[in-house]
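Participant: Got these off TrEMBL a minute ago, pasting:
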TRANSMEM  9-29  transmembrane segment
TRANSMEM  49-69  transmembrane segment
TRANSMEM  76-94  transmembrane segment
TRANSMEM  106-125  transmembrane segment
TRANSMEM  146-166  transmembrane segment
TRANSMEM  172-192  transmembrane segment
TRANSMEM  228-249  transmembrane segment
TRANSMEM  261-285  transmembrane segment
TRANSMEM  297-315  transmembrane segment
TRANSMEM  321-338  transmembrane segment
TRANSMEM  350-373  transmembrane segment
TRANSMEM  393-413  transmembrane segment
């Protein structure tokens with residue numbers, strides 16, 4: 001009554017492409033915030049708004065995406081994500097038409113960016129649903145990890161591509177076209193692949209959608225689940241902190257002598273090493289099922305790395321800062337996919353999209369709060385300041401916050417693996433049935 005289909009890898013590929021290209025659109029300008037502000041004749045707060053629009057829209061649209069995934073499945077959700085992003089990326093190209101005044105260019109840029117932002121939650125919330133619907137329990141954590149880390153890979157690409165083009169004569173045009181082409185390819189690929197949202201037979205008892213609780217009843221159930229709410233706060237906080245650093249990294253590092261290119265490299269190294277670390281943690285959890293302990297270990301080591309970073313980032317270290325970024329990346333990225341898998345385990349038989357959706361909404365909300373606070377408590381450099389730029393206080397605030405979340409997850413998270421238990425019970429029943437029906 002259960003089966004795995006080769007098509008699952010093509011479906012996961014669609015999720016990967018959409019999340020990767022969505023991140024490229026999201027953070028197109030974050031590593032080149034200063035030259036972008038000059039080109040559009042605006043200020044840094046406006047450039048930061050191009051990222052904030054994703055976080056702000058992610059909260060209400062995230063609820064819609066969760067409903068769509070649970071009610072109608074992966075097919076319509078991924079198609080919405082693909083084509084909203086494709087149309088939005090095309091609209092962004094209008095912002096480089098020379099005959100349009102600066103204010104008009106900004107409007108076109110924000111309209112396109114907003115349309116892309118409206119489509120992103122439909123793919124960002126899909127990895128857990130994809131893993132649960134298409135993959136057997138022995139591959140679920142890895143599938144979830146692959147789908148989840150594709151978004152940060154897009155961050156790496158954006159961080160490397162944008163600085164390499166932005167200083168040329170046609171820099172902004174080249175950047176926008178470079179980002180738009182893979183988005184269009186992803187939309188076409190998704191349309192071809194997503195002929196159905198789920199396989200003819202589920203891959204396991206945990207992937208049997210007929211056993212799932214309906215959405216709103218499920219929401220009421222999980223908000224009363226203490227372990228899950230700890231995940232919503234702490235894993236969401238990890239997502240929020242990453243989004244904050246991805247948005248403000250250039251503005252944190254450049255006042256201390258680092259270039260936009262180095263800021264992009266730091267972002268790329270953080271994410272690239274994070275993808276490797278997350279893959280290792282995902283494979284380990286698939287084999288051992290030690291989700292809870294893995295989450296806590298990743299959290300503790302990440303906090304230690306961020307504490308060290310907060311103590312030394314204002315000292316110009318040159319390339320040595322990449323060593324510290326590598327250490328943080330290796331352990332920090334495993335928090336999200338493993339946290340989402342734990343959310344699905346803690347809340348079963350509530351749908352995986354519901355469990356992951358609330359964690360993502362929490363991450364978006366905390367991102368908005370953190371970015372807003374950091375911009376308020378930071379201040380511009382005066383002409384005689386070289387090193388003592390007051391972005392140290394924002395970093396200290398972030399460090400204290402992530403440390404508090406680490407204490408909470410260690411002290412209060414005591415999960416029950418409900419989905420794995422249900423699958424074990426189903427296997428036992430199947431074995432007993434086979435024995436009783438045997439010769």
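The backbone N, Cα and C atoms fix where each Cβ goes, glycine too.
Since we're looking at a predicted model, the values are computed, not measured.
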Participant: Under 8 Å, at least 3 Cβ pairs, sequence separation 6 or more: does that hold for the transmembrane segment (228-249) versus the transmembrane segment (261-285)?
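Facilitator: Checked: the transmembrane segment (228-249) vs the transmembrane segment (261-285), in contact.
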Participant: Which one of these stretches, 9-29, 49-69, 350-373, has the most C-beta pairs shorter than 8 Å to the transmembrane segment (76-94)?
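Facilitator: Stretch with the highest Cβ contact count: 9-29.
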Participant: Give the one range among 49-69, 106-125, 261-285, 350-373 whose Cβ atoms make the most pairs under 8 Å with those of the transmembrane segment (9-29).
Facilitator: 106-125
Participant: Are there three or more C-beta pairs under 8 angstroms joining the transmembrane segment (350-373) and the transmembrane segment (106-125), sequence spacing 6 or more?
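Facilitator: Yes, since the transmembrane segment (106-125) and the transmembrane segment (350-373) share at least 3 Cβ pairs closer than 8 Å, they count as touching.
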Participant: Any contact between the transmembrane segment (321-338) and the transmembrane segment (393-413), i.e. 3 or more CB pairs below 8 Å with pairs at least 6 residues apart?
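Facilitator: These two segments do not touch.
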Participant: Can at least 3 Cβ pairs under 8 A be found between the transmembrane segment (146-166) and the transmembrane segment (261-285), with each pair 6 or more apart in sequence?
Facilitator: yes
Participant: Other than its close neighbours in sequence, what residues sit by the transmembrane segment (297-315), given a CB gap under 8 Å and a spacing of at least six beyond its ends?
Facilitator: 234, 238, 252-253, 256, 277, 281, 321, 324-325, 327-328, 331-332, 334-335, 338, 387-389, 391-392, 395-396, 398-399, 402-403, 405-406, 409-410
